[in-house]
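Participant: Before I ask anything, here is the structure I am working with.
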Amino acid sequence: MALTERQEALLKQSWEVLKQNIPGHSLRLFALIIEAAPESKYVFSFLKDSNEIPENNPKLKAHAAVIFKTICESATELRQKGQAVWDNNTLKRLGSIHLKNKITDPHFEVMKGALLGTIKEAVKENWSDEMGCAWTEAYNQLVATIKAEMKE
């Protein structure tokens, strides 16, 4: 289902807030992932030996920022482009990595919950159910693209 103009506006409005602190929000995203599913730390080599989010870990900072920025930027472009706009190599890499790490629906759901929680905390009083629905729809579309690549 295509995003509406209103959903796109909500995504872009919240992205303006989020991109002011990508390092902080991306670390918060990972903290919420680990909080919701502690076993997920074993998917990330730089978290395997840690009981908490090591905020000064350069590998975590870099990886978290890339993931957070990729999700958010891709989400804000969905309506305009009509689909996730990743080049073929990026899409193949995303499919391959998720397949290799045996990422399944529950993992994607944990990520979605963490993403929504991070956004809600960041935008504070501007959060609404409508904004949450817009991010949920965008995230689901991005995940569907990755899952399709995982099957190939």
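Even glycines carry a Cβ here, placed using N, Cα and C.
Okay, these came from Swiss-Prot:
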- 2-151: domain 'Globin' (DOMAIN)
- 35-39: motif 'Homodimerization' (MOTIF)
- Ser45, Lys59, His63, Arg93, His98: heme b binding site (BINDING)
- 105-117: motif 'Homodimerization' (MOTIF)
Participant: If we skip the immediate neighbours and take only residues 6+ beyond the ends of the motif 'Homodimerization' (35-39), which ones have a Cβ under 8 Å from one of its Cβ atoms?
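Facilitator: Distal contacts: 106-107, 110, 113-114.
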Participant: DSSP-wise, what's the residue breakdown of the domain 'Globin' (2-151) into helix, strand and coil?
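Facilitator: So the counts come to 120 helix, 0 strand, 30 coil.
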Participant: Where among the binding-site residues Lys59, His63, His98 do you find the Cβ with the fewest other Cβ atoms within 10 Å?
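Facilitator: Looking at the binding-site residues Lys59, His63, His98, the Cβ with the fewest others within 10 Å is that of Lys59.
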Participant: Given the model, what does the mean pLDDT over the motif 'Homodimerization' (35-39) come out as?
Facilitator: 90
Participant: I want to check the contact list for Ser45 (heme b binding site): same chain, sequence separation of six or more, C-beta distance under 8 angstroms. What comes out?
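Facilitator: Listed in sequence order, they are Lys59.
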